[in-house]
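Colleague: Structure in structure tokens, see below.
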């Protein structure tokens, strides 16, 4: 075993998980203990259960509402992204049609446009459509992801052999039938990756929901905890809620991550470099 | 594709691409066009006395105010100070970890890889909450350790240290993702190259420096471009930590300044002009990086 690289990697791992361990310890502190006891060690006075109970009761279960909202935004948004990106990427990889180069060029340019340049006009446009403050105002702008379309195109060209489609045509299958029963199954590992990247992207997004939403019933976890932290500046008792909420909010995403680890195809992202 | 395809179903590819194209028009092209339109207009009072406020064309006036905005200038300088720390450290750590993972017979490989990757799944806001509390003197375990030891505690919100504190949050969140992209690119390389070098007596260090890093150039450029774009769009970390310290002003970095112009000062026209400028900088920077990439690719082939 090589010692130096192993030790350095472990230091990197420690740096990466230490704040999460601190979060676990800090969430065991009741409101009275957070400022008085050393937060580098856990407390065992039932503080954690008390914090969870307080968080539960906070604003009639607002925290759980935020969690559900995050799931709706990230799950719904990522699912719709995959559907439209897969169809578009497949079409661009497997057909030649007018305007194809234009679409590809526009999409690649789209990757570079900063979020805020889009968010403010998107806000104004959605506001005139009466959609601001609804679930759609966060989902719709998230659904179009040039990067996802690009990955789907790269993956479709690499993984679907033309001969398979030719054989399908000889058998008299329609073009949409082939997308459904040949294209999508072959692309599935790539689509799982696109789904996960997009799920995490939307789950982690702050700016878009922060701009679009005013009513905290619709907040995702990021905006909800941010608003709680802001109020904590004048009411330090809320800090324990923020800490416990932050811990509970990262558990599901870590679980999803660990569970789906083997389905990730990160060589797809790296492979995009060669294309 | 064969011409037969085109004759049989000319509509199919258009229909498949249509939803994406329509949404792209609705949520990219129209907003960009609208942002440019807004940036060339302003709200003005027309007529004497109780004039009516109307939208008028003002040409490049907003752009001139945006460029002359001293708060924006300061925000840009702060962003650069943050970026000078964040981009090289992120890339340096990601590259080092990727190379170490690729060394044969490294222990606890999959554990370290997963642990370093996990922060990528933590939203910027939550990461800022996490680190923010470890910076906050009243709660910080670090402050506590220093005071218990009778030493002066480090000030994480100082004039200079604040840049490191904010950069650290972003570095923590992005090293893992870049590491995995670089490591995956390394794994995709043919093993024969290394074998040949080993037979010639090259050390692991020489292989990394002379063979692996040059081969990684395209992946390094792509990940650096993503880091640079991330730097230009930095928002949630300083915006979240802002509520814990006075060291972070509401216009600390360009996006915060744009948000302030648009939603607090209610000047969406100026805010649009500033964001169009920021978008231009992003596009130019990325194109420059891609040009370097093309140049290198041509030279090596």
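Cβ coordinates come from backbone N, Cα and C, glycine included.
Feature table excerpt (TrEMBL):
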DOMAIN    A:67-260  domain 'ABC transmembrane type-1'
TRANSMEM  A:71-90  transmembrane segment
TRANSMEM  A:102-123  transmembrane segment
TRANSMEM  A:135-158  transmembrane segment
TRANSMEM  A:179-203  transmembrane segment
TRANSMEM  A:237-260  transmembrane segment
Colleague: I'm a bit unsure how to read this: which one of A:102-123, A:135-158, A:179-203, A:237-260 has the highest number of Cβ pairs shorter than 8 Å with the transmembrane segment (A:71-90)?
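Modeller: Stretch with the highest Cβ contact count: A:135-158.
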Colleague: Should anything in the same chain at least six residues away from the transmembrane segment (A:135-158) have a Cβ under 8 Å from its Cβ atoms, list it; otherwise answer none.
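Modeller: The answer is 69, 72-73, 76-77, 80-82, 84-86, 88-90, 92-94, 104, 107-108, 110-111, 118-119, 122-123, 126, 183, 187, 190-191, 193-194, 197-198, 201-202, 205, 208-209, 212-213, 218, 220, 268-269, 271-272, 275.
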Colleague: State the residues, same chain only, that lie 6 or more residues beyond the ends of the transmembrane segment (A:179-203) and have a CB under 8 A from a CB inside it; answer 'none' if no residue qualifies.
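Modeller: The answer is 70, 73-75, 77-79, 81-82, 85-87, 90, 94, 142, 145, 147-148, 151-152, 155-156, 159-160, 164-165, 168, 173, 220-222, 253, 256, 260, 263-266, 268-269.
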